Ligand SMILES: Cc1ncc(C[n+]2csc(CCOP(=O)(O)OP(=O)(O)O)c2C)c(N)n1
Ligand SMILES: CC(=O)[C@@H](O)[C@H](O)COP(=O)(O)O
Ligand SMILES: [Mg+2]
């Protein structure tokens, strides 16, 4: 493909020099460029392809960075990055040292607000609109939010606030009928009805029938018609929330988009523009299967097939989902909940076997947790599968609705620890610290996929809240025959030696074992290695039996050091009078960069080589 037009755009000023009739060609080149550039590296393709025209139109008419464009989640912002001077960096997006996969303030003045988590854009944009008005400035503030992100409560909290006031704010609802998976819920049906126009037609028919049945009461019936029409005319809900509703508009047609956006930008007060787009537009595999092509690894442009790495063990996610489905076979109290991530959490597999016991609540982590509380209070055993990073949203619900009432809800924290290309916003670095300090909570971390299965079985024996955290990626291909429950609160001794005690948590156990074995074979120094298994309750007895005063104590965990298991173990050791060399190999008080999981673990000294080097220092 010839990218001459695209390559001539070094910033938004170049875009503005184009004639309107050149924009479709620019859109076409940008689509091809995205499809080709992401093929060897993967990334969030589908959402960006869907907003190519919208992004071009916004930058054509607005004056970023003076005008503020806030992209919700930020995964669809690749076209925005291209138009704002970041085209040369695109081949390195989400790679180590490369561009961030989301919007990021530190990366560009054109990213006025960073994101990664959903449903924040209207709040941030409204804050900027109010800030602008307080400072008597007059730039535009535009939030672009997807129909999936609109299922998040924050979006409605923000609309409730903004709609009650008169600050100028444009919210663009990018409606492609998809979250990552097909969008769910009543709002999604409402938007679909607006697009199809059926509700409006039906309402008119209903009013007509009322008219026919009430001869002589024409005025009254006329009023009924007006009322019914008013109730379900497109966008009434938004109008009732204080927003001027405009749309629906074809988000791929510049002839519609440009004049509509131009008009919207002249309006005062809060306005919602409903734009209809197609996720993955321009690449048929992505149009046909938008869920797979939402975000993926490398793929073959010619065949339209994602590359599959052969010979890999099952992922933790798959093992989790299959085990939970087995448990649901045997126990009809078991139910599963996802917050808009049925694929990512594996619950699509669970739903295939137990469709009536699997609930996708939308991007609503807080609701997911309290909904689980309600299910638990009615005798069910809910398993809430949410990525570690997204669970941060629901902390008060975990405390107030689950832990205080000691309800048997199990939190299945996928993507715990380093996630790789998604970087800081998606890193699951806090869950060990925030879960282990909650009364009534049991916290487990499996060393491999077999242990994950046993921990799930164990959770069913515990009559209270449980958190199980496991990493992104594949297991080790170990045998998963044993499905017996684990003794609660007991660590596992993996090696024994008198040169020191290493305690490793979950995902770091295998690398710690490798380091301990290398130390023994290369230096003849044997250490005891405990697989902690239970971060809470802590196996104080096993720790104190194996901890010898004067000898090194090393704790390895893939989570933030502050408040992590290591700090609690250190306090325990000191309370028992232990003294000796100490190392807490964990994540520092800083957000990690993006790259592969291996690169980030290496940087943090959390891989086998890093652990080995710390062990060598300690015994030196
Ligand atoms: C709080 C939170 N939960 C879940 C996610 C995972 N997630 C990322 S994008 C997405 C779907 C967003 O759908 P939509 O806003 O409609 O954007 P589209 O991809 O359709 O353009 C989800 C669930 C997230 N980023 N943040
Ligand atoms: C944008 C977003 O939040 C998701 O698409 C996320 O990137 C998915 O991560 P996984 O690839 O680990 O499922
Ligand atoms: Mg969508």
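From the backbone N, Cα and C atoms, a Cβ is placed for every residue, glycine too.
What TrEMBL says about this protein:
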- 75, 116, 117, 118, 148, 149, 176, 283, 365: thiamine diphosphate binding site (BINDING)
- 147, 176: Mg(2+) binding site (BINDING)
- 314-478: domain 'Transketolase-like pyrimidine-binding' (DOMAIN)
Fill in: Annotated binding-site residues 75, 117, 148, 365, filtered by Cβ under 6 Å to ligand 3
148
Discussion item. Checking your reading of the structure: which of the binding-site residues 75, 117, 365 lie inside a 10 Å Cα sphere centred on residue 147 (Mg(2+) binding site)?
Written reply: none
Discussion item. Fewest other C-beta atoms within 10 angstroms of its own C-beta: which of the binding-site residues 75, 117 fits that?
Written reply: 117
Response to the item:
If you count the other CB atoms within 10 A of the CB of residue 148 (thiamine diphosphate binding site), including all protein chains displayed, you should get 29
Worksheet item: When DSSP states are folded down to helix, strand and coil, where does residue 365 (thiamine diphosphate binding site) land?
Response: helix
Discussion item. Are there any residues at least 6 positions away along the chain from residue 365 (thiamine diphosphate binding site) with a Cβ closer than 8 Å to its Cβ? List them or say none.
Written reply: 339, 386, 390, 391, 393, 394
Worksheet entry | residue 176 (thiamine diphosphate binding site): tally of other CB atoms within 10 A of its CB | 23
Worksheet entry | Mean per-residue pLDDT computed across the domain 'Transketolase-like pyrimidine-binding' (314-478) | 98
Worksheet item: Near ligand 2, which of the binding-site residues 75, 117, 147, 148, 176 are found, taking a Cβ distance under 6 A to any of its atoms?
Response: 75
Practice prompt. Please report the DSSP secondary structure of residue 117 (thiamine diphosphate binding site), reduced to three states.
Written response: coil
Worksheet item: Record lists 75, 116, 117, 118, 148, 149, 176, 283, 365 as binding thiamine diphosphate; longest Cα-Cα distance in Å?
Response: 32
Discussion item. I'd like the Cβ neighbour count for residue 147 (Mg(2+) binding site), meaning other Cβ atoms within 10 Å of its Cβ, all protein chains included.
Written reply: 22
